[in-house]
């Protein structure tokens, strides 16, 4: 883990400007907790960075991604800023939308849930650091502990005052605090089971994001049950979620539960096998591999054929299997969708074949080869965002589900595809991918998908769904290419990012925005955002790309999306 013990670094300055921009646009009752969270995250990051060089540091048991800083400040503030920016955007329709108040209340609860998750992870880091605190880090530990305590007090007072205390407030507080416990358990699992795959900040982003996402699934499930349908229930989910969003949630729920089902079934099979006759070692190994693969495929079928449709029927009332629903959606009055699918297949096949050949034979830098894929993402996703936005939501979900299945097959070496997929995927890896997980394709897909998914429903900022495509497909790509070929002035002595590259990225995104505004205007959209605000959003996002050592595909689209929502 790269250490950065100086109080002010480029990354920290950009993160504070980003958080300040969001907080200043929010009401004080929601901005104050964000300020406390940012202060606590800074104190914890300083303590972690200063303890990194100590051989007895208790956090050394967690092997983080080589070459990356801890990234705790960025990881702790990104998702709360996203939720707060979305709240600010949603508040603009409260006077006119009859469902706006319910949606706002539910999103506000999600804002507190993700904030509590981040604070709990910070407390987890503090607890580990206190095990062997020395004089150098004891001061930052005290500041960090004070900020965490102040945040928790603010959280409790907010809900006690808002709900006049009572059992309902205690139940809601307990429900939100469970998110924090789950986030701590999850990040501990990520750091221990997947060493060298992420930094602390990246692990914090993933764990808090997954906890809030599955908390939403749990809330929607509970809201459909009889005991949660009463007016006094503490969970009231808005009924405005589309069928596409429910289908995506159902498949992702099943696939994330698949490892639990697979591992449990495998343990049962191993136990039963030990009761049978022993075979020779060679035969035993081959039989074990084939049987394990069979267990995986059976578990996958059980999840897709039974678990997923059961949940979607409970939550959304779908009477048909989600696969059938998807096929009906694609082939009913959908010449444009089928044409779009044919276009996607053509572009993907040509690009994969071409780039796979280049990666094997050419001396092209791997970083430039990967940026070509960012340009391919622009070609694939941009037409769909304009002409088929709802279908693109479904396509993003299908692609992410497919990536999850293929990665499970590769990691567990499931016969007969595991070895072939591993060889193919290795051609597109770089230094950020570990020997265990290949995350670059996930981060690029989610970086483009998350702004689009979060823009579903009310959205008065037509450029917000393009946040991932613009920041990664155009800004990041042009910054890397121009910086690599023509860059001379570096932002820091130790970094590789150049001022010329960042300037090219900012200019290219602003130019792309001007073209998009013209195209969107012809489709009936009206730009409701000032160019000064847009320029600030682009500049901060590209400055973060220049300074951060975190996974830029994961953070930059979320930062850019948050700033576009304001």
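Cβ atoms here come from the backbone N, Cα and C positions, even for glycine.
Listed ranges 54-71, 72-89; the one TrEMBL annotates as transmembrane segment is 72-89. Range with TrEMBL annotation transmembrane segment, chosen from 436-458, 505-527, is 505-527.
TrEMBL lists transmembrane segment for one of the ranges 17-34, 35-52, namely 35-52. Counting Cβ pairs under 8 Å to the transmembrane segment (203-222), the stretch among 35-52, 72-89, 173-191, 337-356, 547-564 with the most such contacts is 173-191. The highest tally of CB pairs under 8 A with the transmembrane segment (466-484), across 35-52, 72-89, 242-262, 337-356, 547-564, is held by 547-564. Using the rule of three or more Cβ pairs under 8 Å, pairs at least 6 apart in sequence, the transmembrane segment (547-564) is not in contact with the transmembrane segment (173-191).
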